[in-house]
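Visitor: Sending over a structure as structure tokens; questions will come in a sec.
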Amino acid sequence: MTKTPRILEVRANVLKDNDRLARSMRLRFAQAGTLVLNLVSSPGSGKTTLLRQTLLELSPRYRVAALVGDLATDNDARRLAESGAPVRQIETKTLCHLEARMIEEHLQGWDLSQIDLLFIENVGNLVCPSSWDLGEDLRVALFSTTEGEDKPLKYPTLINTADIALITKIDLAEAVEFDRQAMYRNLREVRPGIEILEVSAKRGTGMAAWLERLEHALQTKRSQR
Amino acid sequence: MHELSIATNIVSVAQEEAAARGVEVEAVHLRLGALAGVEVDSLLFGYQVASQGTPLEGSRLLIEEVPLTIYCPNCQAEFELAGIQSLRCPKCQELSGDIRRGKELEIVALEVKEQP
């Protein structure tokens, strides 16, 4: 005779510890007036180049800082430090994503009230970072023109958590026969209404609009304090 | 593979809930949305690995998959979608980002051993 199992109802979010920490950090960022961006993309989409240029161009007017996630090596942090901004590397070892606790740990010793914009460069991966809230204000998903237009359809989950889609290496669009219309259509198919920007960090195309977007977000955040 | 991280979280949350109730777990019931970004087979494997050496070793993970459901403002109704590649109302073909279900990643129940 099979016994009916005894079932206890439970309601628990699996990532509640991460979410709780992310919420408390979001509060800290709000109190300090720091705008936080989480940059996600596949490896090689140009996150570091974009971030380096962004730090360079913002640093005369704003206090900027960056945390950079990678499985191993601190190459990216060293590249970014050339901009003069404070940069810290987060080596995740085997993890393919950043978690809120890693952000908290690596912020130790930094005075948030002295940082206007904090950039978090997530591990290059279009799947794993989706589920982890880092306390950011904006999640920006980067797609390079060289990756092809169907990337959004292959990775709908991550795009669905993004606030802005940033199409990078736009200077190569013609050379790789990038189909802009298809890209926009695919992005909006999986994330209706998503804001889309185009940049080339190398040539400077679209950088003004990107920087303006960041400044606008910072002002909005501060006006809500 | 982030499923191992997720599985580790499932084990620790389930353990916490079981300890609070003073029960031993035979199975964990998980609700998993289509847009949660978690692959079922990898998660099941991850659960075995993550539960080893814990009080949950040998317990089962039962997954209820929740399809993506959007609300279409045009039709004023909810629609379950077959996939996650297109957030389009199956009736009027309009896009809608108003997601009602499909992002779940939660433990909904514990199957526990009968107390003697």
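Note: Cβ is positioned from N, Cα and C throughout, glycine not excepted.
Heads up, TrEMBL stuff is auto-annotated, nobody curated it.
Feature annotation from TrEMBL assigns Ni(2+) binding site to B:H2. As annotated by TrEMBL, Zn(2+) binding site applies to B:C72, B:C75, B:C89, B:C92.
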Visitor: Between B:C72, B:C75, which of the binding-site residues has the fewest other CB atoms within 10 angstroms in the structure shown?
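Guide: Looking at the binding-site residues B:C72, B:C75, the Cβ with the fewest others within 10 Å is that of B:C75.
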Visitor: Do me a favour and check the Cα-Cα span between B:C92 (Zn(2+) binding site) and the residue listed as 'Ni(2+) binding site'; whole Å is fine.
Guide: 36
Visitor: Given a 10 Å Cβ-Cβ cut-off, pick out the one of the binding-site residues B:C89, B:C92 that has the most other Cβ atoms nearby.
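Guide: Sorting the candidates by Cβ neighbours within 10 Å, the top entry is B:C89.
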Visitor: Cα-Cα separation of B:C89 (Zn(2+) binding site) and the residue listed as 'Ni(2+) binding site', in Å?
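Guide: Rounded to a whole number, the Cα-Cα distance is 31 Å.
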Visitor: For chain A, give the subset of the binding-site residues B:H2, B:C72, B:C75, B:C89, B:C92 whose C-beta is less than 8 angstroms from one of that chain's C-beta atoms, in sequence order, otherwise 'none'.
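Guide: In terms of proximity to chain A, the binding-site residues that count are B:H2, given in sequence order.
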Visitor: List the Cα distance (Å, whole number) between B:C72 (Zn(2+) binding site) and the residue listed as 'Ni(2+) binding site'.
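Guide: If we compare the Cα positions of B:C72 (Zn(2+) binding site) and the residue listed as 'Ni(2+) binding site', the gap is 32 Å.
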Visitor: In three-state terms from DSSP, label B:C89 (Zn(2+) binding site) for me.
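Guide: It is coil.
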Visitor: Using an 8 Å cut-off from the Cβ centroid of B:C72, B:C75, B:C89, B:C92, can you name the remaining same-chain residues around the Zn(2+) site, in sequence order?
Guide: B:P73, B:N74, B:A77, B:F79, B:P90, B:K91, B:Q93, B:E94, B:S96
Visitor: Near the Cβ of B:H2 (Ni(2+) binding site), how many other Cβ atoms are there if near means within 10 Å?
Guide: 24
Visitor: Could you round the CA separation between B:H2 (Ni(2+) binding site) and B:C75 (Zn(2+) binding site) to a whole angstrom and send it over?
Guide: 37
